[in-house]
Amino acid sequence: MSDLDSILQPIADAIKKGKKVTFFNGAGISTSAGIPDFRSPESGLYANLAKLNLPFAEAVFDLDFFMENPQPFYTLASELYPGSFAPTKFHQMIKLLQDQNSLSRVYTQNIDTLERLAGVEDKYIVEAHGSFATNHCVQCHSEMDTETLKKDMKENRIPSCRSCEGYVKPDIVFFGEGLPKSFFKTWSKDSKHVEIAIVAGTSLTVQPFAFLPSEVGKKALRILINKEKVGDFKHHPRKSDIIVLNDCDLIAEKLCGLLGIEDKLNELYEKGKSKYSKPETKEELVHDIEEKLKSEANLKQKEPSEEQEETTPKKEDKEEEELTDLVDKLKI
Ligand code: OAD
């Protein structure tokens, strides 16, 4: 048994005995999906915002700054908008724990919705810092539907309110705004009943979220999975704390191994990844094109009727679009 296995064994044992896990997630659980975290010294977002010309890095998520100049936020949002990132092994582990009835709740600071994409049900998720799912005008608070917002973004327009022309912002919690009521309501019910607290991929610097691990009952088993010691685990460690300074995905693999669900984890992960995968090599691109040609050969056997031809887009246009997509996908 490896060192990591023996460190993680008490968590696996507790889960096998029927104890449930409450997660406290941060950006570090999504870095392997290609989404940078915020505070890692070189790769974090705040270290790479020079191009946005900000007075200070966190201004990009500052409400007062947004009201003056929403452009930096929308530049960043167009890169980070959910839809092109696949859940990581860590997200898939949460889904597997849900499936075997070992999940109590997922408190997440992340706005990438990857827990949802992995299939974790709404009733388990508390998005403490909001999400891109809904949008409101910062002046008159009218709602804007996501399709309209995305259309404005795609056409390089700052989404603005159709009623008062104020700027529209996705309901991500900015500095200067309160957390959703549901966060406080759910935590007041949960805090005393946490059995296993897994705190992962967070610097525990943003309040009130950063306080949560210190508020779980003394009987709870607390685990930190992070690249460095943070928050309460650093300043007020408990005797029973388990601190694993390692990669979130690796720990997900190890823990699932101890629970006997590693194969399921790999299966879910590969399945999730294939939905978003881009060809990495020429061979993969050629394979994609061959597949496309095969499916076209099948289609040719069923020529459309005249009526259909009028309503469907021209075949050559579609072909060109699809080939452009494939070429866009090639990133070597
Ligand atoms: P941070 O960037 O502050 O912290 C991420 C933590 O994850 C750091 O301690 C990293 O070392 C660690 N980490 C990164 N990759 C990892 C990996 N693969 N395995 C293990 N650990 C890893 O991100 P958060 O704590 O989530 O607010 O930041 C909290 C809030 O600050 C965010 O929600 C955001 C930001 O301002 C809003 O957007 C409102």
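Any Cβ shown, glycine's included, is placed from N, Cα and C.
Annotated active site, proton acceptor per TrEMBL: His129, in sequence order. Around His129 (active site, proton acceptor), the same-chain residues six or more apart in sequence whose CB sits under 8 Å from its CB are Thr108, Gln109, Asn110, Ile111, Ile172, Val173, Leu179, Val206, Phe209, listed in sequence order. His129 (active site, proton acceptor) carries neither a helix nor a strand DSSP state and counts as coil.
DSSP assigns Lys227 (NAD(+) binding site) to coil in the three-state reduction, outside any helix or strand. Per TrEMBL, the feature NAD(+) binding site maps to 27-31, 37-39, 109-112, 202-203, 226-228, Cys248.
Within 10 Å of the C-beta atom of Cys164 (Zn(2+) binding site) sit 11 other C-beta atoms, taking all shown protein chains into account. When secondary structure is read from DSSP and collapsed to three states, Cys164 (Zn(2+) binding site) falls in the coil class. Annotation comment: TrEMBL describes Cys137, Cys140, Cys161, Cys164 as Zn(2+) binding site.
The compositional bias 'Basic and acidic residues' annotation in TrEMBL covers 294-317.
Mean pLDDT for the domain 'Deacetylase sirtuin-type' (1-271) in the predicted structure: 96. Annotation source TrEMBL lists domain 'Deacetylase sirtuin-type' at 1-271.
Residues or ranges marked as region 'Disordered' in TrEMBL: 294-332.
It is 38 Å from the Cα atom of Lys227 (NAD(+) binding site) to that of Cys137 (Zn(2+) binding site).
With a CB cut-off of under 6 A applied against ligand 1, the binding-site residues Ala27, Cys137, Cys140, Cys161, Lys227 are reduced to Ala27, Lys227.
Apart from the site residues Cys137, Cys140, Cys161, Cys164, the chain places the Cβ of Val138, Gln139, His141, Ser142, Ser160, Arg162, Ser163, Glu165, Gly166, Val168 no farther than 8 Å from the centroid of the site's Cβ atoms, the recorded Zn(2+) location.
In terms of C-alpha distance, the listed binding-site residues Ser30, Phe38, Thr202 place Phe38 closest to Cys164 (Zn(2+) binding site). Rounded to the nearest whole angstrom, the C-alpha distance between Cys137 (Zn(2+) binding site) and Ala27 (NAD(+) binding site) is 26. Cα-Cα distance from Phe38 (NAD(+) binding site) to Cys140 (Zn(2+) binding site): 30 Å (rounded to the nearest whole number). DSSP classifies Ala27 (NAD(+) binding site) as helix under the three-state reduction.
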